[in-house]
Structures are given as structure tokens and as C-alpha cells.
Amino acid sequence: MGKIIFYEGANFQGRSYECSADCSDTFRYFNCCNSIRVMGGHWVAYEKPYYMGYQYVLGRGEYPNFHHWMGFNSCIRSCQMFPPYRGAYRMRIYNRPQMYGHMMEFTDDCPNVYDRFGHHGIYSSNCMEGYWIFYEHPNYRGRQYFLRPGEYRTCSEWGCMNPMIGSFRRMRSSLM
């Protein structure tokens, strides 16, 4: 059973809202979010309503201020929970849109895309198995992009306007 608690103040202070299911617009429950407790489940919190804007992948634990979840500000306006995944992981990345150009298949984490792939940009991707997290910079830093199984013909389909991805990893229970 998943549960996430949002707090308006840092260090779990102020008004709070408990959530145990997807929420497309949190505005009626709190004005800003400066700390979060994840009591169970895997969550993706979004900066804007209806699962848009910056994405933050959150696992079980405490996040006493927005810097702890790599947030850019105190704005969380929607969230989704995803069930734990215990199967195989497999993904193909491409250096051109529409799944063209140089392709490479991965089944494990990649701390530096350029070192392994030889290109600075991932323009499209086919996530065949498992959930994946793309990061803007190497070593799992910067903006995050959550990818569920499916085809992403352009980077905008995973919520990114810039195809420069520095690293990616599998969304696993041990990371969360």
C-alpha cells in the first residue's frame, strides 16, 4: 500500500495532505510543498497539474525540503503512484527522433550516456521492459524524466524539450 504525505512547511511542519492514490491537481489541498514523507510505494510528483512540468521520482523516505528531492521550487501540483516492478529491464535509445539513427540497447543503469552511447542526445526511446528514469546530467543529477514501458518517438513525449540526457537508471525498489 502506497502513501505520500505533503507538508507546506520545511521539516514536516504546517498543513499536510496524505495521499494514497493518483492526484491530478493538489491545489485544493495545499498551497506549496516544502517537505514530503513517502510511507510506501513509488511516486512521481509533478510541478504542474495533470502530470505536467518538472518530474520528481520519490521512493520511501523523508525529504525535509525541496532540495532533498532535487526540486527547483516548492511547487508540487500532481502526483502518481506506480506499483513495484520486479521483472526484467530492457530499453533502446536512439540518437534521432522517430527511433532512427544510432541505436543501443540497455538492461542496466548508465551513469554517463556519452561514455557508453557515444552521443550527447537521446532523441527517442523504446522502453520495452521496466520503468526507467532519465537525468539531465551524468551521475543521476539534474532534471528527472520518468519513462514507463512504451515507445517515445520524440523527447517531448517523456516531458523534455532538450534531448541532452546525461544518465539514466532503472526504477528499482533498492533505489527508492
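Positions of Cβ are set from backbone N, Cα and C atoms, glycine also.
Curation plays no part in TrEMBL annotations; they are all automatic predictions.
These numbers come from a predicted model, not from an experiment.
Annotation source TrEMBL lists domain 'Beta/gamma crystallin 'Greek key'' at 2-40, 41-83, 130-172.
Beyond the domain 'Beta/gamma crystallin 'Greek key'' (2-40), the same-chain residues lying 6 or more positions past its ends with a Cβ under 8 Å from any Cβ of the stretch are 49-51, 58-66, 69, 74-81, 176.
Secondary structure of the domain 'Beta/gamma crystallin 'Greek key'' (130-172), assigned with DSSP and counted as helix (H, G, I), strand (E, B) and coil, comes to 4 helix, 21 strand, 18 coil.
Helix, strand and coil residue tallies for the domain 'Beta/gamma crystallin 'Greek key'' (2-40), in that order: 3 helix, 16 strand, 20 coil [DSSP].
Taking DSSP states H, G and I as helix and E and B as strand, the domain 'Beta/gamma crystallin 'Greek key'' (41-83) has 4 helix, 22 strand, 17 coil.
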